[in-house]
Amino acid sequence: MALHCHALSLAQLILVVCPAFILFGYNHAGVGGLVSVEDWTTTFPEIDTIHTSGAVKSHNLTVQGVVISTFTLGALVGSLSCSLVGDVLGRRKVIFAGSLATLIGEALCCSSFGLAQLIMGRLIIGIGIGMLSGTVPVWQSECSSAHNRGKHVVLDGLFISAGYAITSWVNLGLYQVKTGSVAWRVPLAIPGLISLIPMFSIFFLPESPRWLVQKGRLEQARATLVSLSVASVRPEDVNGDIAAIQSTLENNSRGVSIMDIWRPNDEKQMSGGNLISVYAPVIFEDNLQMTSMMSRILAAATLSWKFFSCFVAFYCIDRFGRRVVFIISGSGMSLCMLVLAITTSFPHTNKPASIISALFIFLFNFFIPIGFLGANFLYCTEVAPLRLTVAMASISTANHWLCIRGIVRSSYRPPNSDAERRVSFDKSEVEEVENKDL
């Protein structure tokens, strides 16, 4: 550990935190922009919703939803596994394992020639992302000083938004490739390269000092605290930090019980932000009746706007406190969702309603990073007792993925639904009238 203080913190951000959460956003939204690519539908006809109609399209929509949500199922498993292995292996080994799983999953996905291989790849990617999202914020928080912790951890949301924006622009850039599989294999291969960065750099960075003290490795913990502190730190200050960690461990020595789940817990992820991030192109194209190219441009612009909005949270998190930013963020998102529910109920021909819908999608992506895209990871690690830090972080992150899976699954109607039958009935009536006119 040749680096010290600010240089070491910067290295942690650039080499681990940044790529880990870019992978989070990129993989979460990556497949959503590929479902209309021509070669994608040819390779995976079971989830083709472009060249099908009626009951077949409805069935393929359901299968498509299952395939996309397989990622969140894997992330749920991966995040829950952190509560079992996080305190056994340490933060660095779990981060390495998560990066390796992501790399393996990306390789399977970008080389897929069948739906089964794609599903397996998405599942493994999800496991890796779940491990990273459940461990990196804990490691980052435990290696940050109290006065910098808020700014450091809220950057997670900024990097997630960067991942969303990158995948949107990559998909848009390759959308014009009409022949071959380059249009979808390259976007799926790019995050594999990103996962190499934390995988090869994590063991050059320090382990969590709290975990080292917990395992009785006091000299390593002392060396880590010195390297993370300012150059003028005194030995007695470091010894005081070690003693404080030991005291906290002793006061919270009771084991983790499954009943702790039912005690008060935070971080709720049913805000709808992930639905908008993943399905932004579909919302613009299907609900607002925009062209495919314009939908992709607006989706990429929306997620880029979301990235820049994250800097508001960076400014507010330590000035106004955690609860205030949660209140502002939640209130703004609620208002935007209310307006969207009203405006999207109008017919597609109502242009003012479509314009207002697009505007409030942008506004929603302004409010969500303020509180619910980075501060949620921070808040759980701050309020949890030391003995429950890893367990609560893994459970709250699992809650994140569980809610996303529920939202993704509920966004696909089952085959032969009433809505599908009404559409088919309307089409048959039109065809009958046209035949009579002929």
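The backbone N, Cα and C atoms fix where each Cβ goes, and this holds for glycine too.
Cβ atoms under 8 Å from those of the transmembrane segment (7-26) belong to residues 1, 95, 98-99, 102, 128-129, 132-133, 136, 139-140, 143-144, 148, 152, 155-157, 159-167, 190-191, 194-195, 197-198, 201-202, 204-206, 227-228, 277 of the same chain, restricted to positions at least 6 beyond its ends. Look at TrEMBL and you will find 7-26 (among others) tagged as transmembrane segment.
Among the features that TrEMBL reports, domain 'Major facilitator superfamily (MFS) profile' is placed at 13-438. This prediction places the mean pLDDT of the domain 'Major facilitator superfamily (MFS) profile' (13-438) at 76.
Residues annotated as transmembrane segment in TrEMBL: 61-82 (among others).
The feature transmembrane segment is assigned by TrEMBL to 122-141 (among others).
Look at TrEMBL and you will find 153-172 (among others) tagged as transmembrane segment.
Taken from TrEMBL, the feature transmembrane segment covers 184-205 (among others). A Cβ distance under 8 Å defines the sequence-distant neighbours of the transmembrane segment (184-205), meaning residues of its chain 6+ beyond its ends; these are 1, 8, 11-12, 15-16, 19-20, 22-23, 26-27, 30, 33-34, 37, 39-40, 43, 92, 95-96, 99-100, 102-103, 106-107, 109-111, 128, 132, 167, 170-171, 174.
Positions annotated as transmembrane segment by TrEMBL: 297-317 (among others).
According to TrEMBL, the transmembrane segment annotation covers 323-343 (among others).
Residues or ranges marked as transmembrane segment in TrEMBL: 355-379 (among others).
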